[in-house]
Amino acid sequence: MSEAVTRIHVGGTAGTDPYEVLVGRQLLGELAGLIGDRVKRVAVVHPEALAETGEALRADLAEQGYEAVAIQVPNAEEAKTVEVAAYCWKALGQSGFTRTDVIVGVGGGATTDLAGFVAATWLRGVRWIAVPTTVLGMVDAAVGGKTGINTAEGKNLVGAFHPPAGVLCDLAALDSLPVNDYVSGLAEIIKAGFIADPAILELIEADPQAARTPAGPHTAELIERSIKVKAEVVSGDLKESGLREILNYGHTLAHAIEKNERYKWRHGAAVSVGMHFAAELGRLAGRLDDATADRHRTVLESVGLPLHYRYDQWPKLLETMKVDKKSRGDLLRFIVLDGLAKPTVLEGPDPAVLLAAYGEVGE
């Protein structure tokens, strides 16, 4: 039986239904309720690292009367390729998967990105449920409806807006998460603090070491606050036509770093460097005060997130950023802060200012 559950409402926009994000412990008992009793088949997409979890979930669903199949995919970003998506499509076809059936994505952010993309493209869209097992997956990837895969040209360049029918954030899954993976997810939580909810930063600053562990006293509150920030934003702007862009704070440089590292860097580590860069860019552009810019470094460093990347890689990173999804024509666009919790767009910054900002990041 599940314990106390926090339910966070994500409002639907034109053409999409609202859904709930459930946060608590021992939540898998809630899954059948989200799937529904009119569904015949369920496909559980899971990474190799969660083979036992995926099979146990498949068996449990089968016991409840569903025709359940487990689809194992590579770990992390290696799953986000068109070849892996095609493998999933083949498995769905062989299972006789119809438009009334449901996909369940179990794993980190990369797995839920893939599962959502497969759901968006199979039969032009089937329902799916996210069961994120990492901090990053809970506070970012599984909430909001952005799904996608990577290409040789960049991260998440092929995808669809396809919100889940529900999200189960079982905090018990974090207990066995490697510390580096847990800390990586804190970058997205810290991002939420800077763009919208400074109370998040205060909770972390009060005890940075406690924030580094799922056993910390504020773990549930940090995750719930971060999800609420994203839920509020995406409820008003599903397809990133305006407000939702603020969620990309730190991500323009981060995605370029990830591509440059062939997706071997943790997403949160790249976002941390990206936020440091965005803070310096905001400062040098005359938008952000020194105290808030400096606060980026102290908060990120206090939980063990990186601040720097190789200086000599700037030309390659700049070229990658030019094909970023947020760019408009040849115009580079960055999310910066006008102050704490005051995100805005900086369009076409002076190349010299960009280089100077990266000079604070490069090593």
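Positions of Cβ are set from backbone N, Cα and C atoms, glycine also.
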Binding-site annotation, Swiss-Prot, NAD(+): partner of G109, A110, T111, T112, D113, T133, T134, K146 in K90, K155: K155
Residue, out of the binding-site residues K155, H267, whose Cβ gathers the largest set of other Cβ atoms within 10 Å: H267
Integer Å distance between the CA atoms belonging to H251 (Zn(2+) binding site) and D113 (NAD(+) binding site): 16
Pairwise Cα distance for H251 (Zn(2+) binding site)/T134 (NAD(+) binding site) [Å, integer]: 19
Maximum Cα-Cα separation (Å), residues G109, A110, T111, T112, D113, T133, T134, K146, K155 listed as binding NAD(+): 21
Among T111, T134 [binding-site residues], residue with fewest other Cβ within 10 Å: T134
Intrachain C-beta neighbours of E188 (Zn(2+) binding site), sequence separation six or more, cut-off 8 angstroms: V135, L136, V139, D140, S226, G268, V271
